[in-house]
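Structure first, commentary second.
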Amino acid sequence: MPTVSVNKQQLFDLLGKNYTSQEFDELCFEFGMEMDEDTTEEALKTGEEPELKLDISANRYDLLCIEGISQSLNEYLERKERPDYKLSKPTTKLIIDKSTEQIRPFATAAVLRNIKLNEKSYASFIALQDKLHANLCRNRSLVAMGTHDLDSIEGPFHYRALPPKDIKFVPLNQTQEFTGDKLIEFYKSPEQKNNIGRYVHIIEDSPVFPVIMDSKDRVCSLPPLINSEHSKISVNTRNILIDITATDKTKAEIVLNILTTMFSRYCDEPFTVEPVEIVSEHNGQSRLAPNFNDRIMDVSIKYINSCLGLDQSADEIAHCLKKMSLHAVQSKEDKDILHVDIPVTRPDILHACDIMEDAAVGYGFNNLPKGEKLSNANFIAKPLPINKVSDIFRVASSQATWVEVLPLTLCSHDENFKFLRQSDNGDLAVKLANPKTLEYQVVRTTLLPGILKTVKENRKHSLPIKVFETGDVVFKDDKLERKAYNERHWAAIYVGKNSGFEIIQGLLGKIMQTFRTEWIADYGAAASGRGYWIEEDDSVKTYFPGRGAKVMFRSKEGAEPKQIGHLGVLHPEVMMNFDVPFAASFVEVNAEVFL
């Protein structure tokens, strides 16, 4: 949970009341925050202004600054209405070049026109950017933001990807001009290691660097590292251009919405933002940014009441939701449905359960019925289907006297490929961009490395060693927005003086029998219904030649059979790579086919 420090008296002034420490602690608890510390006593000794340190939910990005905290608490206390965020007419453009697809493909922008900041609001503006960078932006790897004095630069603005040597500018708080490659060297120096140097790894290996320039080709920023000294903002800046670059479009839009909604209150026309026309013709992403259109989500009144043990009317639930910045009206077609209007400041609302939770907060957790009055509320959790399948694998394996192990999901690149006699073509495993140690370089694509490392650490135990694991592996997929996906696997190994292939095949048979999947002889030709069989397969070099097989599965009558796993006798070279001086057989199956 992020911790936000706010000026105590400033917050109480915004709330219109001076709370005691206990009163404010109770208010935070009721709202869903936690007061971590009140520095009043320390401040009296040092002569500084007292601060409150608040623990915020990780998905409530609108609460990462004093502006958002005070606005949300005032709405919760019914002292203020939800702001109506508006857009004025655009006056400039951000043109995105196709070359940016090589490194950070998404960009967006907005203008805070005629803004008036003081020392405290300016500090809050900078602090919010730091909090967003550290949390939602994943230390600038997903999203980076820059702010510029619009009066010092001229639009339209261009977002390009250029070779490092072609980029020249004076970076923020410096007096010397650098090229892109020289700037990387500068920020990798020991003096900058804990500052901007923390983000150098994001772009340093790329042949091109992202850069935002104005109409006169003056560099505004080199995301995700540094802004230009030329466009530096100050407390006296009246017009601020906000630029966002990202590898994730959704998160980029969230960051822009949070920054603009939180600080547009200081504009001459409060809560009004000047949009920027985003021109991105190469990928069809041209649009006006930001987008302040509210989302509408439908939720069942019965669902909310059943979860909370209440019998609230539509108006009563709407009143609770209003305290949490959500406006709701009852559907005219279906009286059980509420149309909930979700503002751009609440990207954390993703499902009806989020609305139900806010209704509970608005109603008051301490006011919820207790004891016998909860007869219509069900608190027994329902397992996800894949977890239910995983538990079946665990029970069946344990009944067969195998012991479950829980290795780490990360492993070294060699353990995932070279040690298993496999090659890496670059499109299979997710690699960590900046691994702390050589032992944690990639996310595993098979359960075998972790199991073999477990066997290695327990090789002094009596033989045979029979262990299994049910866990996730991860594969890259460029077709998906997140570029990767999880897949639940089950795997088991038999380690002894003999390979024990017949034993591992027997375990596979028990697992399949547990899932009502019968063995089909003659490579699946003996029957046309649901079942499984194995076929010899020498393509997996992890196994001894002629001792590897693929597991084939037909889910139902007439269905096309498909490979769901593999088994075999592990190659002696694989065993020696993991310092295990015994023979072994291994089986691994995709558990998701049984959903």
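Cβ coordinates come from backbone N, Cα and C, glycine included.
For the region '3'-CCA residue in tRNA' (86-90), the list of distant contacts is 113, 269, 271-277, 288, 290, 292: same-chain residues at least six beyond its ends, Cβ to Cβ under 8 Å. If you look up Swiss-Prot, you'll see 86-90 marked as region '3'-CCA residue in tRNA', on the strength of sequence analysis.
Swiss-Prot lists 292-370 with the feature domain 'B5'. Taken together, the residues in the domain 'B5' (292-370) have a mean pLDDT of 92 on the 0 to 100 scale.
The Mg(2+) binding site annotation in Swiss-Prot covers Asp348, Asp354, Glu357, Asp358 and is backed by sequence analysis. Cβ-based neighbour count (10 Å, all protein chains) for Glu357 (Mg(2+) binding site) stands at 18.
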Counting Cβ atoms within 10 Å of each candidate's own Cβ, which of the binding-site residues Asp348, Asp354, Asp358 comes out highest?
Asp358
In the same chain, outside Asp348, Asp354, Glu357, Asp358, whose C-beta lies within 8 angstroms of the Cβ mean position for the Mg(2+) site?
Met324, Arg346, Ile349, Cys353, Ile355, Met356
The region '3'-CCA residue in tRNA' (86-90), counted residue by residue under DSSP: helix, strand, coil
0 helix, 2 strand, 3 coil
